[in-house]
Amino acid sequence: MRAVLPDGRQSLFAISNLLAAMLGLVIAFEASMPRPWFVLLTVYVTAQPMSGAIRPKVMHRLAGLAVGSAVTILLVPNLQNSPELLVLCLAAWSGLCVYLAVLDRSPRATLFQMAGFASTVISFPFVNDPSDIFDTTIDRVEEAALAILCTVAVHTLLRPWDTEAALRQRAASFLRHARRWAGQVLGDRPDRLENDLRRQLAGDVTELGMIAFHLPPGAGRGRIGAGQVASLQHDLADLLPIAADIAARIDDLRATGVIPSSCEDLVRDVREWIAAPEPTAAPALRARCAAFAREDRAGWEGLLASGIALRLDRLIEVLAHAGRQAQFLPQDAPPAPAPALPGDHGVAALAGLAMASAILLYCTVWILLAWPNGATMAAFAAIITGSFAAQDDPAPAIDRYLVATLKTYPLSAFILFVVLPRIDGYAMLMLAIAPPLLWMGYIQADPRRSPQALPMFSCFIVALNLQPRFANDFAVFANTACAQLAGIVTTLVITRLFRSAGVVWTARRLLRSNAADLADLADRGRPLRMAAWTVHALDRMGQVAQRLALAARGERLGTADALLDLRVGPRIIGLRHGIGALPAPVEAHLGRVLTILHAWYRRRSRRGHAQTAPFALRMAIDRALRAIVALPTHDAYRSQVASDLVGLRCALFPAAPPPVFAPDVPA
């Protein structure tokens, strides 16, 4: 029974959007704004399923609108005698805006996107006659600003989508995924299930990062801030390499045939705690892990067992802290701000080039055909191209956009030619258009169907063409519809020509960036930037996981490559930290390991695909291990560096035979 009833939150979201739209329309009609339909459309473009995601973007939207309008006023009057040069400048400007929007993976990207949209939507109708460009630009700015402010006001008052409740629900789900994967890694680990859970957790980490960027930076009284979400993201991200390290060391220890029963008992108890986490039991379990790691054991088996205990201790610490963070409890100290995510200049440049080329093609066709509605086609196509610019292959999304647009035309025609001629006044107008807007708003709030909402809104609202005086000219309706369809189809063609590289190509670029960062990390001449490296590597792993979930079966590339990089990075950082605190002979061995790592990862970053680690690296690691084990002292640096070397060997040479701890030979 519940399945057929409307969802309460989605219904409230649809009602909130309708109220914001009605408020904007009332003000627009009373103020005699020339295009009330533009207010209506901007309301629905601005609205987001979580009200908390609207407010942080208000200033960016308004600033982008102002910048785009200023560019319009600067270009159109000064280039009125050269339409070709004007189109070229607009194409270059729009391409630059898309490039910056794709490159900047933060709410600030909204500013660049809005600047590009505003300039194209306002400028194209005046390419041939710029006489009223200033007044029209001011009108569009007023209409868009009114819509944005109405949307923010209504969503702030009604809070149709409780951001904090939604975040707590998502955080609890992410934590369940993390515990399930950690338990699976410490258990029997069926390969397919483990891979699926790993991809899911990597996607969760990336989603938390994007959520953090859409929240206010600080957590006020009773409010969740971006720093708290970023802290949970960091905990879940740490879990990936930690659990993978433990699994690899357990496999290596079992392969030796000498695994202490106390180690197996410890792993089993930790797995049981993960399945039913009890906060009060965590300190005692961590104390057992620490005591086990301090026991003096000889040989490769002893190093593996001690390393397992150290990583189990860290695993419990991370999961316990993540459990507290997932509740988003009030914090006395301000949390760390969400770190900046890296951008891909190559992908951003390709998106900007596609945008600029598309605008040039649209406008060339428009000018050659002397089509009166060519401006609508060009503006509509530019908006679609920019909206999907960040996707690796936007063609499937544009296909769905086209289908949703075609579905909405009959409804638009019915409202425009059957319903509206029989009513008078904007009060009756609002009653007439409320049902379809409520229906589309409900779809917009449904995560599964939300991609359909934007084309439906665009087609419906643009086709109605609401103005201060009613007009239902079928020729105008048909021309506008043809212009919209032409813009979508042309965009689809351009997209298939320019953006056919696909998800695997982008995933390979991400892994090459990871390899370049690891090469820099192993370079002793460069400063250590641990926090930045961790954020970049985790973000790329999440992106690789999302892309390869869509890739064809049989692809050699996988999230295992990105996870391997995540395991190696902290080990390199550990060696960099300990290299100055150990005797000179040991430091020389560690320096040799770092030098080979730097050269190998630099080659990987240039060739663009994974390679087997060189034999010389394994020999250098074994020499460093023998030098570490031979040290008479048992301080923290010795234990930590030994653990890092073991971790490197397990990660890069999983099938290699155990090292022989015989007297060392010169390096």
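Backbone N, Cα and C define each Cβ position, glycine as well.
Noted in TrEMBL for the protein shown:
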type	residues	note
TRANSMEM	12-31	transmembrane segment
TRANSMEM	62-79	transmembrane segment
TRANSMEM	85-103	transmembrane segment
TRANSMEM	347-368	transmembrane segment
TRANSMEM	374-390	transmembrane segment
TRANSMEM	402-420	transmembrane segment
TRANSMEM	426-445	transmembrane segment
TRANSMEM	476-498	transmembrane segment
Cβ pairs under 8 Å only, please: of the recorded stretches 85-103, 347-368, 374-390, 426-445, which one is richest in them relative to the transmembrane segment (12-31)? 426-445
Compare 62-79, 347-368, 374-390, 402-420, 476-498 by their Cβ pairs under 8 Å to the transmembrane segment (85-103) and return the stretch that comes out on top. 347-368
Close approaches to the transmembrane segment (476-498) from elsewhere in its chain (Cβ under 8 angstroms; 6 or more beyond its ends): 350, 353-354, 357-358, 361-362, 365, 371-374, 376-381, 384-385, 388, 393-395, 398-399, 401-402, 405-406, 409, 412-413, 416-417, 458-459, 462-463, 465
Same-chain residues at least 6 beyond the ends of the transmembrane segment (347-368) whose Cβ lies under 8 Å from its Cβ atoms: 83-84, 87-88, 90-92, 94-100, 102-103, 116, 120, 124, 127, 374-375, 377-378, 381-382, 385-386, 389-390, 392, 487, 490-491, 494-495, 498-499, 501, 506, 509
